[in-house]
Amino acid sequence: MDKFEGYIFTALCSTNFLVSCLLFSKVTREQREPYMDEIFHVPQAQKYCEGKFNQWDPMITTLPGLYLVSVGIIKPVVRLANMNGEVVCSTAMLRFINLLFNCGNLYLLYRLICRLHPKEKTRTAARRILSALSLSTFPVLYFFNFLYYTDAGSTFFILFTYLMTLHSCHKASALLATCAVLFRQTNIVWVAFCAGTLVAGHMDDAWKAAHSKKSDDRSAAFQVPFSRSGAKRVVLFSVNFFTSAGHIKAVLMVAWPYALVAAGFLAFVWLNGGVVVGDHANHEACLNFPQLFYFLSFSLFFSLPVSLCHHRVRRFLQAMKKQPVLFLVATIASVLLVWKFTAVHKYLLADNRHFTFYVWKRFFQRHEVLRFLLIPAYIFAGWHFLDSLKSRSVFWSLAFLACLVAATVPQKLLEFRYFIIPYLMYRLHMPLPSLPRLALEFALYTAVNAVTIYVFVTKTFQWPDSAATQRFMW
């Protein structure tokens with residue numbers, strides 16, 4: 001960035017941090033004690049602060065990355081400031097760690113936008129800066145900056161991993177990927193995505209070399225192959241690529257650090273007897289294909305300001321008219337997936353503090369047929385999702401979609417926190433929107449954040465069998 005843009009971005013970071021600190025102060029004053037999953041995370045981090053690294057709460061499902069980073073930051077600060085007493089590793093002090101991750105996420109999003117959209121560098125810097133600011137305030141992610149959850153740190157390390165991958169710093173990327181997995185084991189999917197982008201890049205180069213003499217085929221790899229002939233060509237090329245010793249060697253030469261991370265993860269799963277660390281009974285993997293539909297609908301809503309227009313709706317209607325058989329098959333497949341693979345976690349039906357409880361109870365549970373009435377919306381959301389990424393190569397798109405399915409479908413519990421990283425990856429790879437659209441996106445995110453924080457702080461209630469104050473949240 002040039003000097004003037006650097007000054008603007010620095011001022012923006014400072015303002016963002018100040019506003020977040022004010023909101024943090026308000027949330028912490030209203031909810032001083034650990035809340036929801038914090039009742040597990042906070043005591044565990046406090047044990048680490050006391051040097052009790054051999055004690056572990058069996059209800060915690062994630063690895064200790066959050067607690068190790070928290071202790072690594074707090075302990076030196078405490079010694080330098082000569083602090084002691086209850087303030088050391090208090091709930092507020094631990095929560096504050098996520099505000100630091102929030103600042104880091106803003107910077108990483110900005111750097112990723114600059115890297116992923118190099119053609120936009122000749123245009124106004126305001127688009128890059130506003131886009132980064134908007135994504136850093138993405139409602140689900142932003143809300144959890146004020147609680148001691150793993151989401152802010154998990155997102156930080158995945159974004160950092162991907163940035164290093166794009167800069168071809170693969171050893172550093174693999175080290176950061178290990179940190180990401182220590183925050184949340186399912187991040188291994190996005191580590192695979194980083195490696196997959198390298199494979200996709202080699203496949204793009206091989207495709208261009210193979211079709212360099214055919215001017216009409218030069219861009220074929222950069223279109224999603226909806227046609228039967230296009231899909232056949234891509235499949236045959238992929239088979240040839242992965243059976244070529246030369247191509248495999250070229251990929252392994254750059255992707256081996258990620259393979260080491262994957263090998264370490266597989267060793268952990270084998271020794272641990274599963275992906276989650278604790279509470280295995282309530283965190284079993286399953287085939288919950290409607291999770292993909294929920295994510296597509298979620299993405300459609302939050303990307304509306306920057307992606308939806310009447311031209312896109314018109315193209316969707318034209319696509320339905322040109323390829324009715326394809327859309328009919330997609331509709332039938334969606335009906336079967338909703339009918340046979342809808343899974344409902346007991347936590348979703350039991351905890352009325354989450355917004356998803358009310359979504360499920362007041363809509364999906366009203367009548368079973370309502371699940372099927374949403375299928376046309378799912379079809380449009382899926383087409384819209386693919387259309388937004390049409391500028392990306394087919395091999396990159398296939399890698400991303402495979403990771404998206406792996407990240408969403410095995411999850412039995414519907415929780416919007418699981419959509420944070422896949423949505424950010426999707427949004428980052430969309431064409432850079434115009435300033436008015438970015439302003440609309442930022443306004444939408446700000447409004448949603450204001451409502452959710454207001455509801456969390458002011459709309460409290462109590463359970464009949466408990467004197468504790470309960471609050472609504474994502």
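Glycine is no exception: its Cβ is also placed from the backbone N, Cα and C atoms.
Unlike curated entries, TrEMBL annotations are predicted automatically.
Feature annotations, courtesy of TrEMBL:
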type     : residues : note
TRANSMEM : 6-25     : transmembrane segment
TRANSMEM : 56-74    : transmembrane segment
TRANSMEM : 94-113   : transmembrane segment
TRANSMEM : 125-144  : transmembrane segment
TRANSMEM : 156-183  : transmembrane segment
TRANSMEM : 250-271  : transmembrane segment
TRANSMEM : 291-313  : transmembrane segment
TRANSMEM : 325-349  : transmembrane segment
TRANSMEM : 369-386  : transmembrane segment
TRANSMEM : 393-414  : transmembrane segment
TRANSMEM : 434-457  : transmembrane segment
Proximity verdict for the transmembrane segment (325-349) and the transmembrane segment (250-271), three or more C-beta pairs under 8 Å: no
Recorded stretches the transmembrane segment (250-271) and the transmembrane segment (156-183) touching, at least 3 CB pairs under 8 Å: yes
Beyond the flanks of the transmembrane segment (156-183) by 6 or more, those residues with Cβ under 8 Å of it: 62-66, 68-69, 101, 104-105, 108-109, 111-112, 115-116, 150, 190-191, 193-194, 197-198, 254-255, 257-258, 260-261, 264-265, 421, 424-425
Same-chain residues near the transmembrane segment (94-113), Cβ under 8 Å, at least 6 residues beyond its ends: 9, 12-13, 16-17, 20-21, 24, 28, 41-42, 45-46, 66, 69-70, 73-74, 128-129, 131-133, 135-136, 141-142, 144-149, 151-153, 155-156, 159-160, 162-163, 166, 424, 428, 432
